[in-house]
Amino acid sequence: MLELKSIDAGYGSFQALFDVSLDVKAGEAVGVIGPNGAGKTTLMRLISGLIRPLKGRIAMEGTDVGATPPHRIVSLGIAHVPENRRLFPRLTVSDNLKMGAYMQGARAKYAERLEFVFDLFPRMKERRNQMAGTMSGGEQQMCAIGRALMSNPKLLLLDEPSAGLAPVVVQQVFELVKRIRASGLTVLIVEQNVQQVLRVVDRAYLLEAGSIRAAGTAAELAASDTIKQAYLGV
Amino acid sequence: MNRQLAGWIIALIVLVAVPFVHRDPYHLHIMVLILIWSFAYTSWSIMGRFGLVSLGHGGFMGIGAYVTALLWNHLGITPWIGIPLSMVTAGVLALIVAYPCFRFRITGHYFVLVTLALSGIVLQVITATRDYTGGSLGYTPQRAPSGKGLLALQFDDKATWYLIALAVWVVGLVVWRAIDRSMIRHAMEAISEDEDAAAAAGVNVTAEKLKITLISALMTALAGALYCQYQMFISPDTVSGIAVSLQMVFAAIVGGVYVALGPTVGAVITILLAEVLRISFGTKAVGWDNLVYGVLLVLFIIFLPKGILGSVIDLVKSPRKPPRGHEQQTVPVARR
């Protein structure tokens, strides 16, 4: 479904990603794990078109993402839940969700999508008239995921969904990711919380200092010595 | 909803009836000025309410006034064609300045500075080309021969001007309302909160910002052209330049940029204030209004950021809603 081939990317003279290749097949949940500054967020921003690759090709179901403006990428079926959620804090929860269904195609299915999101996050229904910035971190994360789901995506990009959340809430968020997957979506998730993410995904890539250092099924990675020592603390 | 519509219609009928009942030329003159400036302030607020603070609108207003007058005097082009041409000129200039700003993410203070430069440039051009524009001494459209008043859009009758200004002002409010109810408003609100997140939600950030800037610039140029046709005298200080830009920001903020009638309330207050100072102190108080504006602006930004009308509406509305405990307490926190 999504394919990245030997991508180089960076900001100005600083290069953040070196020859990164990865792919996500329809229906899969794939994780990208790695420490701070490994280039995980850069990877996400590349896929949703907020920055452009210096080299290499990104394709979503055959369409060249690198040449598509960000607002069009949404209509290719990619929805991005940015790091730190990036809600519109002074808009209400329903207005935030409405913005998620901004694209023409999604507007037609607005009511249907809203029901789907409220079904998934009953809490959002209770809070729909509240300003998004006044909710707790976990609720804001739900709202951000809900906003992304409003565009009726095929592929959901989750950037550090556990960032800044209490451990209990982190578990809830990952439970939600499982349920979103079960509803048929493909998920690409970037995380530092390796232990949690390996329980949710099928496959994962290890990204360090801008390069892919390891790849494999979740079970393989969880069993590998490097990852055990460096990330799982066992 | 219907009650609101009925209220608008009654208010409109009353406003249309005014010049037929009350013919005092001075009062009509003040009302025409208020309506034209209200329209200009409304035009500014159409983009200002989304955090796109422009100090370039004096430039657009000046272009509206000067292009219309120059076309009439030098080429004999009737303002009926000259005004649309002046609006197009302002629109093109707005796009030329705004496109690179939006494309390269020049936002916040930097955007304000770029637009400030735009005002300055228009002012300099008008002053420098004094052979054509009269420079800082000002400029007067040529009087049309009698009987050709309609063609030249020149009317001696204040009541006629009042009705024209009223119609344009209503159009401004209609545009405001149309934007308020469209997806542009949602897109622009999202952009003003977080451009990246808006883009990730599928908003074409550059296009939406350009759209709103273009609408605002076109309307502002129309305000300038109307002002020129009504006053029959324009000078760089009264329709162009930074002072006019600042006056727009001030009036819009005082009245309230987030509500349709806010800029109008701002125009009523600023124009009446200037008149009261002028009448009661005469030449002794030249420039006092600017001093008072400055002090008021500081006070408003600190204590009433939503402006007079915005705050009044909040006051009227809030007791009606029964307190919903948790929600009511948390809301103000986010407004800081």
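Note that Cβ sites are derived from N, Cα and C of the backbone, with glycine treated the same way.
The feature transmembrane segment is assigned by TrEMBL to B:5-22 (among others).
As annotated by TrEMBL, transmembrane segment applies to B:28-46 (among others).
The feature transmembrane segment is assigned by TrEMBL to B:58-75 (among others).
Annotated transmembrane segment per TrEMBL: B:81-102 (among others), in sequence order. Below 8 angstroms of C-beta separation, residues 56, 59-60, 63-69, 71-72, 111, 114-115, 118, 153, 205-206, 209-210, 213-214, 216-218, 220-222, 224-226 of the same chain, each at least six residues beyond the ends of the transmembrane segment (B:81-102), sit close to that stretch.
TrEMBL lists B:109-127 (among others) with the feature transmembrane segment. Only residues 6 or more beyond the boundaries of the transmembrane segment (B:109-127), in the same chain, are considered here, and those with a CB under 8 A from a CB of the stretch are 52-59, 62-63, 66, 93, 97, 101, 133, 135-136, 236, 240-242, 244-245.
If you look up TrEMBL, you'll see B:159-179 (among others) marked as transmembrane segment.
Among the features that TrEMBL reports, transmembrane segment is placed at B:212-233 (among others).
Sequence-distant contacts of the transmembrane segment (B:239-261) (same chain, six or more residues past either end, CB-CB distance under 8 Å): 37, 40-42, 44-45, 48-49, 53-59, 61-66, 115-116, 119-120, 122-123, 126, 173, 176-177, 180, 224, 227-228, 267-270, 293, 296-297, 300-301, 305-311, 313. The annotation transmembrane segment is assigned in TrEMBL to B:239-261 (among others).
Here TrEMBL flags B:292-316 (among others) as transmembrane segment. Using a Cβ-Cβ cut-off under 8 Å and counting only residues 6 or more beyond its ends in the same chain, the transmembrane segment (B:292-316) has close neighbours at 247, 250, 252-259, 261-262, 265-266, 269-270, 273, 277.
When Cβ-Cβ distances under 8 Å to the transmembrane segment (B:212-233) are tallied for each of B:5-22, B:28-46, B:58-75, B:159-179, the top count falls to B:58-75. Comparison of B:5-22, B:58-75, B:159-179 by number of C-beta pairs under 8 angstroms to the transmembrane segment (B:28-46) places B:159-179 first.
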